[in-house]
Each structure stands twice: as C-alpha cells, then as structure tokens.
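> Below are the structure tokens for one structure; questions will follow.
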C-alpha cells in the first residue's frame, strides 16, 4: 500500500481522543471538547473515569496503545491524574499526552512557593459537606417553585425568573440550582397579567431579585407548536402579543431581562449571576 | 516595614484568582477550582465571562493590575481566550497568566497538522441546534417522570432510576438530563412494593434500563428527619427496613445499583453512564 492511500484511509477515520481522570472526568471532557471544537475535523471522545489505581492505569495505557496500533495515528490523551505514579504510566503510552493538571500545578508551585498535596478526590464537593447539602436543598427549592407552583418561601429565593410560558425559565432554574446551589424560583407571565397590566401581586415585594427571560416570538411559536400543534396558545399572533406585553411590562417595572433565543442555558445562567450579583455558593 | 512583617500580612490575604473567558468561563472555573484545591491555602476566585472585545480585555487587564498593586502579589490568571489579540492584552498584565487554551492548541496544531480556527463561541451547544433541543427535551422528560409521576412514555426513557424515597434519584435524573441530554425517569420503591416483594409492575418490561440507588440507613434517616422530623417515615428503624428490603429486591431482580451515601451527583451520574453503557448525547 502506498503512503498516499494510507493517508486517505487515515483521514476518513475520526481521531480518537481519551480523557483519563481519577475522578469523573466531566470537567476535563467539557474542556477538551471546547479545545477540539477549534479544529475542523472529527474526533471520537472516550472518557475514562475513576482511574485511581496503578492497575487501572495499566489497563487504560493498553487501550491507548491498541488504538495507536489499530488507527495508525497517535490518539490524543487528555489527563487529569493527580497521582504521579498512575500519571507516569499514561504518559509513557503512544498517545499525544496533554497533561491538564501537572502543566498548571508546576508554575503554581513555583509562584505560590508551596507544594501541591497530590490528593485525589478534591474536585467535586464531598457529598457530606454543607456546600453539597445546600446544593441539594437548592434543587428541591427550584423544583418546588417551578412555574409558580408555590408562593411559599419566595422570600428565601435567591432569584425569581419571570417570563411567558416556554421562554426557558425551568431549565435555567434547575441549572442555577445544580451548578451553583442558587435557589431559583420561576414564575410565569400569563394573559391575565397582561390584561391587568401588572406584575403578579405576589411578586411586588421581591422586585429586586426578579430577572426576566424573553424570546423571539417566531421561535416561541415553534416551541409551543411542538407541544400543542395548531393551538391559539402556539400561534405566531398570540406569541407576538404575549412577548410584546411581557417586554413592555418588564421595561415599565424596571426589571432586568435578556432574550433566551440564541443563548445556551450556561450563557443565560452566567448573565443572571452577573446581573443579580449573586455570590457563588461554594 | 521589614520584609518579614510584610510577608505575614500577605499570608493572611487569600490569593486572588481570575478566570478570564470569552464565553461563560464555567468550565474553566470548575477546572481552575480543581487545580487550586491541590494547594492548602485560601483563594478568592473571580470569574470574568464574555470578554469578547479588545475594550473588555483592556478593562479586565486593568482590574488584574490593580489587584497586583493592592495585594502586593501577582494574581493568578487562568485564561481561555480564543482571540489572539485579546489574549495578548491579558498576557501582558502583572498576573501569573496560565493559558488553558493556547497551551493545548499549539501541540494539537502540530500533531494534527492543522491550524485551529480561533473562532469564539464554539464551546457551548448552539441554542438553535438539534443537540440543544434534545437536551431541553430530556429535561422536560425527567421532570415529567420524576418520582414515578407518569408511566407514559417510559419506553423512551434512557434510564430509570429506582430507590427508596430520598435516596438521591431526583438530583441525579436532572443532572443526567441537563449535562448529557439523557432521558432519566425515576421511580420510588414504597412500602407496598416490599410487602408484595415485587418490582412495581409497570417496570417489569424495562428491567434492562433500571439502575438502583441505595443509601446508608443512618444518613437516610437524617435526610428524612429534615423534612418530617420525628415521623415513622424518618425513623432509623423504618429507614433500615426500607433500605434492606430495597437492596434485597434489587439483588433478587438482578438490578445494578450503587450506594449514593458518599458520592456526589457527578460521581453517581458517571457510574450510571458507564454501567448502562449509554452513548453520550453530544
């Protein structure tokens, strides 16, 4: 086989990428994904979590070497291994090893004039910690206060999301709770509110912690049509009316808001945290 | 002031850490947090998201330099800036700049023999993409199928979490949906199931996608007591009974399970994805 035909075969295969971690590897995977998104080619990402012993390290080393022999190109290997012995095993493989941990630990040790502890399992909050319990409590709170289900304890909400039905309030509330331990209630704006031209009266006293979500009427109509096809609720005309009324109301009441149309949950949550100036719960 | 007294003052201040990103900076923040957790000292983490223009880069550069002048020590600066001009502005500050992007882009460009696109905003799924819609759909599914609320469409569930009340099913389901677009239903095991000594009959046909959560009875009793103090439901005796019956049933039915007692949501979710061999939805 000529070199040329071999390179054609190689190009048609997605490059294999390993994410090797002693923990879940979730953060490393997301991070690797964002780096690889900068290259216009296909990758096959394999997350290998819980590599917390030499035996497991040797196993994954073998998998990496096998891919090298099968594919004929070096797999990319992102590692976040705290233990130096397991790390060495993976570094010695045929992969291109990108060490996401040691790369930054070394300059930090010099800058801080302090040795790192090399302790495994410091990444995620301990399930027994207060911070972790707060996070679970925030999830329960956000679930209980989804879609205006309960007016009880709105006082303890960190933020109250406001917007028309299907503007993105629920996923954003849950994300804020899960990721940040933020108690996020959410409250729908319904046609009755537009006729009264007033905020739901329950919310009057909590105006400073309300954040609005709006959405493009065309997109809203699409989303609502998936749920209730052909309904008045989903019609473009009604969506235009509701969105317009909601935006007029939020402007009049001085409520900060953003359009969720082209934003990911992460982008919406980040903007809310900035605007409401919530301290992050750690 | 002698050098010594100055170093005492310095030690008492937490070191300032900036996370500077052109996107949300959420992944970089989590990652930085896990690296800093390796050092036994206090840090003050400041996430600066959406730095997507030269003006904003100059603003954050000034903030970094001001901290250096105020604190008298270099702030640590993690960056994930794709644009090389804004990146250069931050690199020229007085901070210890740890470039989490370029550090890995460079070796990858060599290995892949391909220039990176240097395009901003490739990190999070586009809110208009199919993948993103799937994720929202998964969240709605998990909410609708929380705590056995609905038996409809269990066929389309990717996984059905099973366990006694308060064993961690709900947060895990929501996390699987939000992070991975996995449709995770959850179903409670209740005293009636233990008397009948059978799985809830709705679940018989879905056994291969059931995953069980158990929990230490003492911990369960604590959690339940927060909700219903002094109740039979929360008593240690009852918790011991329910957990034992649940574990016996799961063993008998050949259902895989884990104990959630000392595990974070991320660890539970990762184990479930491994065991159920779900392809990750990207």
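Heads up, the Cβ atoms here are built off N, Cα and C, so glycines get one too.
Pulled from TrEMBL, these are the listed features:
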type    : residues                                               : note
BINDING : A:163, A:164, A:165, A:166, A:167, A:168, A:169, A:170 : ADP binding site
> I need the most crowded of these binding-site residues: A:166, A:169. Count other C-beta atoms within 10 angstroms of each C-beta and give me the top one.
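Buried the deepest by this measure is A:169.
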> So if the criterion is CB under 8 Å to a CB of chain B, which of the binding-site residues A:164, A:165, A:166, A:170 qualify?
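So the ones by chain B are A:170.
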> Taking DSSP three-state, what's residue A:168 (ADP binding site) in: helix, strand or coil?
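In the DSSP reduction, residue A:168 (ADP binding site) maps to coil.
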> Of all the binding-site residues given, A:165, A:167, A:170, which has the fewest Cβ neighbours within 10 Å once its own Cβ is left out?
A:165
> For residue A:163 (ADP binding site), just give me the three-state DSSP call.
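Where residue A:163 (ADP binding site) sits, the three-state DSSP reduction gives strand.
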> Go through A:163, A:168, our binding-site residues, and report the one whose Cβ sees the most other Cβ atoms within 10 Å.
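Within the set of binding-site residues, the most crowded position is A:163.
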> I need the neighbours of the ADP site defined by A:163, A:164, A:165, A:166, A:167, A:168, A:169, A:170. Which other residues of that chain put their C-beta within 8 angstroms of the C-beta centroid, in sequence order?
A:186, A:188, A:213, A:215, A:260
> Applying a 10 Å Cβ distance cut-off over all chains shown, what neighbour count does residue A:164 (ADP binding site) have?
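The answer is 27.
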